[in-house]
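Novice: Quick one: the structure is below, and I'll ask about it shortly.
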Amino acid sequence: MIQKPKGTADILPGQVEIWQYIESTAREILHNYRFFEIRTPMFESFELFSRGVGETTDVITKEMYDFYDKGDRHIALKPEGTAPIARAFVENKLYAPEEVKPYKVYYMGPMFRYERPQSGRQRQFNQLGVEVFGGENAATDVETIALAIDILQALGVSNYKLVINSLGSEESRQTYRQALIDYLEPYYDQLSEDSQTRLHQNPLRVLDSKDPKDIEIVEGAPSILDALSEDSKERFQLVQELLTRLKIPFEIDANMVRGLDYYQETIFEIMTDAKDFGAQSTIVGGGNYDGLVNELSDGKQSVPGFGFAIGIERLILLMQAQGVDLPESHPLDVYVVNFGEEASKYATQITQRVRHAGFSCDRDFFDRKAKKQFKEADKLGADLVITIGDQEITDNQIQVKNMSSGKQESFSFEDLTADFSKIYEKMK
Ligand code: HAM
């Protein structure tokens, strides 16, 4: 039997409702913040990610789903949304003077990373992300962080914490990078294997190693916050001040770095401290990427960027762990119980008319016993049940029953199929 690939999931009816609820709740908030949806291809050139996300990141070195297509192009399924959207921003000249500024977009959809699957970590997973181009200052950082929090709150999620840090500008990061290497080198032999590899390739990643020995060594490392330029310090101060004004609690973690190389200045993560949530506790990750558009436009455009992505699978795990209530979805207005060949034909007509009048409607197809059909109507939560058999056809008196009040009335076939909303009103 063929099974789905490792690290993927089928989202079945009964489960998909929570996805739709998240999507519609988020869309409403996003539109209030004046973000508009963007959709980019599922696959891109591999080079977009190696240049955009960073040659030495795990995402590029270990986790890409890449292949050569029949035209020998090096293609990759997208592991994340920011680089593709920055590419679309440059390619479609969305920086042009006549475009809205800042340019604010959101996206929802699958991303692909060849990771070791576990709860909250898949090879095909979904993100709800936003990107702001041309926002320029700390107010954009804070507004966007506040948006992430508004979405979580609207979904009823609690028990999360916001953690922020600043990576400073490209230049100050280079200086800090060297200071960090100088500090870590004497400990080389004691570092974990991963951190040894990262030491010269991507030393900042050593800071957020989960290895206990690495953590101990890192404790004495110089802080990135001390290496910030005056401008970056000011910006980070302002971010903190604005968060405080909005009464958004936060923690600063100077060792937090993100797994993708395009970040500068303000970065943030929202994680849960809910117990039993396992290792995959980061629900939202994001930050500032002022150099990305420059990189992808070959130095021709310099537009700052800020964004985040929420991992939807992790969000759902959290919502379920916290027992968040979902509104009832897709209620059934009408069920048509029918007996016999002739009644089945009438049922086809009635069902279609009811649907065309704007009500959700279903029917029995299997000529089941009355009890079974009513049981089914009950299971589906039908408001009204229409019953039709040979007798009803002969008398032209078709029965309609309100399932919760028990109220019953009969109508002619003509009345039932003329304007069902009148009947629905009468029977409610
Ligand atoms: P990221 O931190 O790599 O950032 O991913 C964001 C979120 O996606 C994570 O916090 C997590 O919830 C979810 N996620 C990542 N990998 C997996 C996985 N294998 N399985 C399940 N969930 C996963 C980005 O992707 C950036 N593009 C975010 C961003 C947008 N930064 C600026 N703009």
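Cβ from N, Cα, C; glycine included.
Curation does not apply to TrEMBL; its annotations are automatic.
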Novice: If TrEMBL says GLU80, GLY81, THR82, GLN127, GLU131, ARG258, TYR262, TYR263 bind L-histidine, which of ARG113, ARG177, ARG235, ARG245 does it name for the same site?
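Specialist: Given GLU80, GLY81, THR82, GLN127, GLU131, ARG258, TYR262, TYR263 bind L-histidine in TrEMBL, the matching entry from ARG113, ARG177, ARG235, ARG245 is ARG113.
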Novice: Including all protein chains displayed, how many Cβ atoms other than that of GLN127 (L-histidine binding site) lie within 10 Å of its Cβ?
Specialist: 22
Novice: CB neighbours of ARG258 (L-histidine binding site) within 10 A?
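Specialist: For ARG258 (L-histidine binding site), the count of other Cβ atoms within 10 Å is 21.
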Novice: Do any of the binding-site residues THR82, GLN127, TYR263 touch ligand 1, in the sense that the CB is under 6 Å from one of its atoms?
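Specialist: THR82, GLN127, by Cβ distance under 6 Å.
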Novice: Note down the number of other Cβ atoms within 10 Å of the Cβ of TYR263 (L-histidine binding site), including every protein chain shown.
Specialist: 27
Novice: Counting Cβ neighbours within 10 Å across all chains shown, tell me which of the binding-site residues GLU80, THR82 comes out on top.
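Specialist: Going through GLU80, THR82 one by one, the largest Cβ count within 10 Å is at THR82.
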Novice: Give the three-state DSSP assignment (helix, strand or coil) for GLN127 (L-histidine binding site).
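Specialist: Once the DSSP labels are grouped into three classes, GLN127 (L-histidine binding site) ends up as strand.
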